[in-house]
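Taking it in order: structure first as structure tokens, then the write-up.
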């Protein structure tokens, strides 16, 4: 399990159910328990039906032998007519039909309601992971993220709350049936209670530990499966060239085998109670009737026999879902652990940030942004430390980027350039110091100026959909501004290519962008950034892997922006650096030098060597 998981390996059922209920709003809890209570009410109808069936059996026997008057709870009852007996049969049938209708309607209502709660909580977790800081998301592997929003929430709500509704409704029915038994024959009832208590107790002890182990194995297997598939797809070319497919296929088989074994064990153990309880009930019925027959009370005790036989069948119908739910709840508690941890984290975060949410963004006095110009960027004494690290990744960073400037960050790998950009983008929150974009001091992701800042990574992510949907990323299809898409594509020098496609901007591209070249994907990423008409664009090594032609297109696009947009580039190419207004040299988490390219090249030996290496790289690229 990835670093995002806690050392805790599981949780008990009752604490897990309490966490699921606590994660619901008060209104949701009230609605949930009202629905469960109404469904449980059908248990009274069941008991009434059981009593009437016993009465029906006794009346039928009484009519067959009028010399033996029917006695119920010490009260002798007279014989009844055949018409009255038929009427009683119809009442019993109507009662059971009505009970079934009530149970079905409210059973469905509970299922739909819990599904709605589950989807809301899954969206809450997704919002927490995807709208928070980058370091918050990076605590988890991709498998854990997928499991948290797709699997764990299902077990935390659809699973545990579904099991709880069965516990409450079927449990109440079980209590009512046993109470009815006790009124009819206390001694026989005590025997029934002892009999089933021993069977269920032994069954729970036998399967409890195995169920918990299977639940943990299933949760881990689901997460590991996602990771293996993601790794294989992501590194497909390298894996194929190195002929390592068998390694990943075998790894996937091992993970899926463990998952299948865990799921199979869960299904086996979950179904076992049915056979045990059914067998135990049949044995109990045979013993009960046998005792009545041996003692000569079978004919005179038909009321008791009818009540206990009917009630026994209904007990089995309750014990089976109760036992199955108890078994499922053990695995559901294990598999809901990650969702519960994240929901608790969300609650704690909300309590800590409630004041911050109502505080308006900080504005620097005397700093106004000229209309139509790029955003300025100011960093003051910026420190940053990654969670769990004791070393500062950035130390005392202070710099100013004027409105409309084109600047470059250069430096060796691991120097802190990308971390610095992530802080400017608001993806990370500084350990100390401030980040100011224009007149606004960032205090977290929520205060980043809307649609004024854009980002182009080294490998822009493509989403399943059309070119227009990829350019207007995150915009509903019916709200996309087609003219703005065309303008962005034109600025990114993609118009000719897109027009050559059969369906133009409505041509579909896969999530991997397989129909596009690397240069086209990169320019599509730039078009995506330009679509929002930003005042600040940040490119993270966006041209380092491109050929000369593709890089020239992007460089030309950036030049055409003029002073209307501030541009920050993490650069590994001499052609990118030499045209920058200001170059910042980053090394060891610090700004070690800054100035014009020509000045730094002459005065800073490290820059001169770095330029030599970049020049060599450019020469090789152009060969």
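Heads up, the Cβ atoms here are built off N, Cα and C, so glycines get one too.
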Out of 1-24, 121-144, 145-168, which range is noted as transmembrane segment by TrEMBL?
145-168
Given ranges 349-374, 375-400, 401-426, the stretch to which TrEMBL attaches the annotation region 'Disordered':
349-374
For which of the residue intervals 174-203, 204-233 does TrEMBL record transmembrane segment?
174-203
Taken over the domain 'ABC transporter' (379-613), the model's mean pLDDT:
83
